[in-house]
Structure formats: C-alpha cells, structure tokens
Amino acid sequence: MVLSSVLGFPRIGANREIKKAVEAYWGGKLPEAELLKTAAEIRKSNWATIKAQGVDLVPSGEFTLYDHVLDHSVAFNVIPKRYQGHGLSLLDIFFAMGRGRQQGGVDVPACEMKKWFDSNYHFVVPEISGDVDFKLNYNKALDEFKEAKAAGVTTRPVVLGPISYLVLGKAARDASAGFAPISALSKLLPVYEQLLSELKAAGVESVQIDEPVLVLDAAASYAKEYESAYATLSKVSPPIVLATYFGRLGDNLSFVAKLPVAALHIDLDREPKQLAAVASAIKGTSLVLSLGVVSGRNIWKTDFAYAASLAEEAIAVLGEQRVVVATSASLLHTPVTLTNEKKLPAEQLDWFSFATEKAAEVATIAAYLSKSSSPAVLAALAANKESIAKRRAFEKESDDAVRKRVAAITPAMLSRQNPFSIRVKAQHEHLKLPSFPTTTIGSFPQTKEIRTARAKLGKKEITEEEYNEFIKKEIETVVRFQEKVGLDILVHGEPERNDMVQYFGEQLQGFVFTQNGWVQSYGSRYVRPPIICADVSRKGPMTVEWSSYAQSLTDKPMKGMLTGPVTILNWSFPRVDISRELQSKQLALALRDEVNDLEKAGISAIQVDEPAIREGLPLRRVDWDGYLTWAVDSFRLSTAGLTDKTQAHSHFCYSDFNDIFPSILALDADVISIEASKSDMKLLNAFKEFKYSNEIGPGVYDIHSPRVPSVEEIKERITGMLTLIPADLLYINPDCGLKTRGWKETEAALANLVEAAKWARQTYA
C-alpha cells in the first residue's frame, strides 16, 4: 500500500484568524490566553482538514504565530542577550525578536530577516555564538503531537534539522572573530536528543526532520556533520523522515543515501529528473522514498497521470511499500482552500488547487497507486483527466502580438543612451538635489480609512468618482507631510494600491485574482499573489494619473513607483507551461511602456522595484547564469527607454548580494536603495569591494518594526555607511516601504531621518 503525506500546512487560518488575533494581542486588545486559544483552534482545524482529505501522514509542530525558525530559536534558548533581563514572557521575547519592541521601558530592534531559500517567505535569522546556552525551554513538537492526539488525530511531528538551523544562522554580534555557527553543533545536538527521545517516549511513530540546505551546493562541505549528527540522533529518535525540498540533492546524494534514517523526501515538483538517481542510490537500503509530486509552491491542479507515472517509476525500483506520495514541500506557500473563492469563473476555478485540495490530491494519487476501486477515487481520477485536458487546450492559445513583440527585442533596447557617468551630470543639473538626498521607498501607511474606502468601492457603496476624490486627498496629505518634514525626493504614498504586485496585475492582461488566496510573507504580513494564466500586456497607463497629480501638488521631484518585471513574476503564481524568461520579458515590455509614459508626463525619477531579483536565483550555482541573464535584461528592458536626465531607481531588500554583485552592476540603475539596518550593514562591504559607482541609499532604519529610531541611531548608521560608500553617492532613506506602519511612528521616524541628514550635510559635505 502506498501512503500519502503532507509536509506542512498554512498556519494563517482560512479567514486569516491568526493575523487578526496576533495583531490584536500586539495592540493590547486580546489577552495572551485568548491568542493561544485561537492558535489551538487553527491547529485543530488544520489537522482535522488534512485527515478529512484522506491523508495518512498528518504533520504537526510546524504551526507558528510568527515564524517557525524563530519558534525553534526560542524553544532552544537561542535568545540574544538584548532580549533578556526585561521581565518579558517567552511569548513577548518571541515577538520582540521578530518585530522589535519599544514599550514599557524596553527598546530593542528586531532580529534580521532573510528569504526562505527562493521563496517570498521571510525567516528570522538565528544568532549563534560560542556562549549560547542551548536548552529546551519547551518541546513544541511534543506538545502539539499530544494536542493533536487528544483531538483524535495521530500526527507526524515536524522539526527543523540541526544542521539546516545552524547553517541558516549567523554569528551573533558578541561571537568571537571568525566564529562559524556550525561549530556549535556538538553543543546543540544534546538538546535535539532530548527533544527526539521525548517524542519517542510519547509513542511518536515517525518524525519529519527538515534539512532543506541539502539541496544547496554548500551542503557538501557538511557531509561529516550530517553523518555524525544523524548517527547520534537515530539512536534516540523515532524513525526519521529526512525532508529535502525546493531543489535537487545532486552530488549530496552520495552521503545522504547512507544516513541512518528511515525515509528520505525529495522534491519532484521542482526537480523531477533527480528521481532515477535517488531511487538507484537507495535501492540496496531499507530507506522509504517520499515523493514530492504535488507542488507546495504553486496553485495549479496536479496532473494525476504525470504524478502517478513518477511514482510508478519509483515503485518499479523500490516496491510499493517503500514509496510515499507527498506534497513537494510544506503547503505554507499556498492559500488555505478554494472553497472561499466565490467570484472566479467555473472554468478558472477548475484550474487551481490550494492547500486543502492538494492534501486531497496526494491522498487520491496514493489510493490510485494502491489500486483502490473506490468510486470516489475513480471519479476524482476521471475529473482530473478532463480538467487537465481543458487547461492544456487553454494554454495552447497565445497573444500573437505579444509573442511577436518579445521576439523583436534587440540589444539596443537594453541600454540607456549614455553611461551613468554622463547621465548623472544631467540628472544633477535637472533635479538640483542637496548632498545626502532624502527620500522614502514608496508606500506610506495604509490606514483603516484607506482600506475601508477600497472595500466600499468594491461593494459599490461609493462611486468611482467618490473614491478617486478620497485618494486625491490622501495623496495630498502625504505630499504635504513630506514637504513639511523636509524630504528631497517625494512619493505619492500609493494609497490607491492594495499590493505592490496585485495592483499592477489587475491592470495587465493575462492575470486572474483570488478573493482569499492569502499566503504568509512574514509574521502577520500576508499577501494575495496574482496568478499569471495567459500572455501579459498592458491595457493602458497604470500609474501616470496618480503620479502626475502628485507632481502637480509640489515643486519638488516626485518619484514614479513601479514594481519590476522579475518581482511581479516571482511574487505571482506563474504559468508552468511556458518559461519564466518569456513571462518576465512580457512583463518588462508592459512596464517599459509605463516608464516611458511617466517620463513624458514630467516625472523625473522613476523607481522600478526589484526586491525579488535575488530571491529568484536558482539554488544551485550552475543554474545561475541563465537566470541572471534574463533577469537583468528584463530590468534593463523596462528602464532603458529613459532619457539621460531622468533617474531610474530600484529597490532591493533582505538579500545577500555579494555572490551576484556583477549582475547588480549590470542593472545600470542610477540610484538603488537596499535593506541594511537589520543586517548590521554587512551587505555594504560588497559595494566597496566592487567599487560601486552609481548612487545608493542603504536603509537607515527597519520599517518592519514599530520602534522609532533616534536621531543619534541614524547618525551612527550614516557614519558607518560613509566608511564604505563615498559621500557624493549616498542617499538617506528607510529600509523599505512604510505601508505596514502607523502614521505616528512614520512621522517621528522620518523627522529623525531628515534631522540626521541635515547633520550629515553639515559634517561631511
């Protein structure tokens, strides 16, 4: 019999219950007991939902109120000293590490965040030093296993593996010079032994240990650590299912196949070609092979015939009893359920599968492979065959004009008229900015009033004209504030935008949208990714009206704000029938038209944000060049039509740029802004090393935290930046957009930023 498995499930609730409860707790409107009660209700609902789909192996322990890696850090007592000694509960320490805290006499910034491999999910980076006192503050995996059992569901606990945890961490500020987090493995393993032995004593039948770094090139250097760690853990643990995802094992298979674990999970959604090598490598062992044939990263309905063919290939080598059908990764990257989608046409609804439906898919495929004669299974197979055939027929249709335009792209379309050294003179003459120019990244607070107005428009409770008048007033409020506080390059604040990707998708051909397709990005920040389903083109100007109106209110330069083609692609659910390159270039051509129209309308600085360009980088270095070529070309295609006097800005966040710095240079943006405050400005070393000569604005404060930085704090950051960046190239700005912040903290933080910039002009100019 072939079993079915789900590696993890969305933890947000079908109606975003966790977001609402967590934010109410932060606001002092919900007691801790009620927050924990809501969390328990969502966990119980998740387990019941997965079980109801017929899944054999139901996960537990992967739920979190903010981030699963952060949960791991607090549970294992990896708590930096700055969060200790304030009399905070473990829950409040947990949230302080995730988002900072500035209340009750406690003023601490948040820990650094990074992207979870090549996804748009952010994890909180563990801070490790030789002095960390690893201990088990609580056994979350055990607690939730018992909780599920009491609810009538026997689960398989999920734990982040010790080596992935350490490799994803960073040396703490107080760590000795040259300290590598992996060197703490021997101190960490006893805590894992305790956790796993407690699971075994509680009757846990198997435990899923996630080791996603095994799909990275770097994992090869940790082969000995893997061998010693799992030799130790396997002696005290329930049978271990070693889970890898998002990529291929590659050469790491040589040592992974020998590890003393009970089962190995591989991602066949991303890397189906690895199946033959993996099956062959473990054939002579007793390892069970878990096959990730149902995508945990996309929302397209699984082709049962194709998925089953992969499983049958494995069964032919290993036998039915050694094969499990599973999701490729945790389903946290997908929306909860299609049942909440009431507006999609039936044809489009039939294309998709969200987390709940994906759980049913793995169960159905496993039942088919187990030769089930259940009428429900046979009906599901027949319906899937018909559905896939209809979608394939739709996918064959294309927009001939769009395809011809992409085919007609020439090298000349990828280059500005002159190099930056010439452009910058024209821009300085045109814009007449002071030294250390101040600006923001784009968005201003999305207030309750803005959201209410947008909802009323959607319900037709107000007219389009009334809504537009409301938006104009909001834009004027933002412009007047920026003038008052003294910023140099202004933005219109984006009150008309629901999301930096969805907003553009709604104005482009080729996208469809969900009502409730929410996915967690970080903490309580959820996004609703658009779905690319056809060739993409621009219907007409998308931002020109609002940017032009904002510019009409002020004599200061107004930035036009666009989301770049690679980011729109990476933060959408893309098509899987054509290449990402083709989709990106279609988006780039649409944005090129918008950029050119903004310039014609008198906008002298245009920001094309690419925060996801690093995120989309393939996990294996051998695959980088192809991606970077079309990603850079797509950005340049968007911006190269500008004249010399117009600045092309771009923004990047939460990324390590060192490895791809030549590609950052190749973008040829006039001004870039980057996240720097939470990474201790270590990213800036690359800009000095590579002698970056264009203008740059490293973020001087973290906008993902509600705390307000002092003037002195920002001065210190500017001083540090000037050791790495020439004064004539430095812009002063926050880390990211201000959409999620409140007005009170925004006003205070930007006032301090401007004051610090004035100080810099007096001190360094």
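Heads up, residue numbers simply count up from 1 along the chain you see.
Just so it is clear, glycine is given a Cβ too, placed from its N, Cα and C backbone atoms.
Taken straight from TrEMBL:
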DOMAIN    4-313  domain 'Cobalamin-independent methionine synthase MetE N-terminal'
BINDING   K19, N120, W571  5-methyltetrahydropteroyltri-L-glutamate binding site
DOMAIN    436-758  domain 'Cobalamin-independent methionine synthase MetE C-terminal/archaeal'
BINDING   I441, G442, S443, E494, D609  L-methionine binding site
BINDING   I441, G442, S443, D609  L-homocysteine binding site
BINDING   H651, C653, E675, C736  Zn(2+) binding site
ACT_SITE  H704  active site, proton donor
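Binding-site extent for L-methionine: residues I441, G442, S443, E494, D609, maximum pairwise Cα distance 14 Å (rounded to the nearest whole number). Within 10 Å of C736 (Zn(2+) binding site), counting C-alpha to C-alpha distances, fall none of the binding-site residues K19, N120, E494, W571. Here 5-methyltetrahydropteroyltri-L-glutamate is bound by K19, N120, W571 per the record. The longest Cα to Cα distance in that group is 20 Å.
When the recorded positions H651, H704 are compared by the number of other C-beta atoms lying within 10 angstroms of their own C-beta, H704 comes out lowest. Taking CA atoms as the reference points, I441 (L-methionine binding site) and N120 (5-methyltetrahydropteroyltri-L-glutamate binding site) are 19 Å apart.
When pLDDT is averaged over the domain 'Cobalamin-independent methionine synthase MetE N-terminal' (4-313), the result is 97.
Excluding I441, G442, S443, E494, D609, which define the L-methionine site, the same chain contributes T440, V491, M500, M561, Q607, H651, C736, G737, L738, K739 within 8 Å (Cβ to the Cβ centroid), listed in sequence order. Comparing the Cα of N120 (5-methyltetrahydropteroyltri-L-glutamate binding site) with the Cα of every entry in E494, D609, C653, E675, H704, these being the recorded positions, the smallest distance points to C653. Within 10 Å (C-alpha to C-alpha) of H651 (Zn(2+) binding site) lie the following recorded positions from K19, S443, E494, W571, D609, H704: D609.
Cβ neighbours within 10 Å of N120 (5-methyltetrahydropteroyltri-L-glutamate binding site), excluding its own Cβ and spanning all shown chains: 22. The Cβ of K19 has fewer other Cβ atoms within 10 Å than any other of the binding-site residues K19, E494, C736.
K19 (5-methyltetrahydropteroyltri-L-glutamate binding site) is 25 Å away from E675 (Zn(2+) binding site) when you measure Cα to Cα. For the pair W571 (5-methyltetrahydropteroyltri-L-glutamate binding site) and D609 (L-methionine binding site), the Cα-Cα distance reads 12 Å. Note on I441 (L-methionine binding site): other Cβ atoms within 10 Å of its Cβ, all shown chains, come to 25.
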